[in-house]
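Read through the structure below, which is laid out as structure tokens, and then see the notes.
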Amino acid sequence: MLSTMAPGSTVGTLVANMTSVNATEDACTKSYSAFLSGMTSLLLVLLILLTLAGILFIIFVRKLVHRMDVWLIALLIELLLWVLGKMIQEFSSTGLCLLTQNMMFLGLMCSVWTHLGMALEKTLALFSRTPKRTSHRNVCLYLMGVFCLVLLLIIILLITMGPDANLNRGPNMCREGPTKGMHTAVQGLKAGCYLLAAVLIVLLTVIIIWKLLRTKFGRKPRLICNVTFTGLICAFSWFMLSLPLLFLGEAGSLGFDCTESLVARYYPGPAACLALLLIILYAWSFSHFMDSLKNQVTVTARYFRRVPSQST
């Protein structure tokens, strides 16, 4: 026998769905500001130009001499991917969400493991007794491995969602998945990676500080301040991006539908600008730490070579 639904319940469901859609469309309309949208677009274009200028400067002026140049150019390319994805969303009425969301996912997820790689290299360099070679091979292999793994993850997500998945949640706005369950799953995956990165960066920062405290360095206080400040800022940034984990109990409610909040809609522009400043700060800190470490190891090696000759 075929079971049929009561007419009243069917009509009630349709009315509830229509009411939800209308409420979402109203929220999308109320959160739109022509001024803020224009300023966000200008800011994103400026960030793209600055990022491209930085990449060209590293390639043609610095010529990738230092290992830090390789890390920095990777961070800038990852930021460029994210900003390009967001700018396409701003200039497209549909947001081209399947393309732009995966561009932003690729840039941000690669950036997580790039920061971790830099922290790990600082830790390994501190435990090394000889100056590290200037070869970029290991760094390039690590970055290529990260890129391939994240790209594979994106392909798996695309296969799971389907090539025709609708990720649009309003004009110039996208969601993580076509359904609330998928949206929650992708959001939880990203936030979980950010939380893991934050915890590992804090752990590596503590290890570096512990090792510095047990080592005789001429610039030890300055190096400890350097490592502590940049490590905590980096970890705090990833902790903030992992906050959606607190709201996963409400299936997909965070970012699935439009809200009337202007901050929720237009924060990515200033956030990307802040990310560029943090990349520059982190790259400077990394370069300063490695140079100080190399100089200290070189001076120590010269001292030990000089001592036997003086004793004879």
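Every residue, even glycine, has its Cβ placed from backbone N, Cα and C.
Under the heading topological domain 'Extracellular', Swiss-Prot lists 1-40 (among others).
In the three-state DSSP assignment, the secondary structure recorded for CYS258 (disulfide bond) is coil. Cβ neighbours within 10 Å of CYS258 (disulfide bond), excluding its own Cβ and spanning all shown chains: 23. According to Swiss-Prot, the feature disulfide bond maps to CYS28-CYS258 (among others).
Feature annotation from Swiss-Prot assigns transmembrane segment to 41-61 (among others); the stated evidence is sequence analysis.
Under DSSP, residues within the topological domain 'Cytoplasmic' (62-67) fall into helix, strand and coil as 2 helix, 0 strand, 4 coil. Annotation comment: Swiss-Prot describes 62-67 (among others) as topological domain 'Cytoplasmic'.
With a cut-off of 8 Å between Cβ atoms, the residues of this chain six or more beyond the transmembrane segment (68-88) that come close are 41, 44-45, 47-48, 51-52, 54-55, 58-59, 62, 95-96, 99-104, 106-108, 110-111, 114-115, 117-118, 136, 139-140, 143, 268-269, 272, 275-276, 279, 282-283, 286-287, 290. The feature transmembrane segment is assigned by Swiss-Prot to 68-88 (among others), with sequence analysis given as support.
According to Swiss-Prot, the feature topological domain 'Extracellular' maps to 89-95 (among others), an assignment based on a curator's inference. Outside the topological domain 'Extracellular' (89-95) by six or more residues, the chain places 37, 40-41, 44, 167-168, 171-174 with a CB less than 8 A from a CB of the stretch.
Residues or ranges marked as transmembrane segment by Swiss-Prot on the basis of sequence analysis: 96-116 (among others).
Annotated disulfide bond per Swiss-Prot: CYS97-CYS174 (among others), in sequence order, evidence recorded as experimental evidence. Proximity of CYS97 (disulfide bond) to non-local residues of its own chain (separation of 6 or more, Cβ distance below 8 Å) is seen for GLN89, ASN166, LEU167, ASN168, CYS174, ARG175, given in sequence order.
Sequence annotations record features per position, and here Swiss-Prot assigns topological domain 'Cytoplasmic' to 117-138 (among others).
Under the heading transmembrane segment, Swiss-Prot lists 139-159 (among others), citing sequence analysis as support.
If you average pLDDT over the topological domain 'Extracellular' (160-192) in this model, you get 84. Feature annotation from Swiss-Prot assigns topological domain 'Extracellular' to 160-192 (among others); the stated evidence is a curator's inference.
Annotation source Swiss-Prot lists transmembrane segment at 193-213 (among others).
Residues annotated as topological domain 'Cytoplasmic' in Swiss-Prot, with a curator's inference given as evidence: 214-228 (among others).
If you look up Swiss-Prot, you'll see 229-249 (among others) marked as transmembrane segment, on the strength of sequence analysis.
Feature annotation from Swiss-Prot assigns topological domain 'Extracellular' to 250-269 (among others).
Annotation source Swiss-Prot lists transmembrane segment at 270-290 (among others), citing sequence analysis.
Looking at which of 41-61, 96-116, 193-213 has the most CB pairs under 8 Å to the transmembrane segment (229-249), the answer is the stretch 193-213.
The Cβ of CYS28 (disulfide bond) lies under 8 Å from the Cβ of ARG169, GLY170, PRO171, MET173, CYS258, each on the same chain and at least six residues away in sequence. Within its own chain, the topological domain 'Cytoplasmic' (214-228) is flanked in space by residues 122, 126, 205, 208, 285, 288-289, 292-293, 296, which lie at least six positions past its ends and keep a Cβ under 8 Å from the stretch. Tallying C-beta pairs under 8 angstroms between the transmembrane segment (41-61) and each of 96-116, 139-159, 193-213, 270-290 places 270-290 first. For the topological domain 'Extracellular' (160-192), the DSSP counts in helix, strand and coil order read 15 helix, 5 strand, 13 coil.
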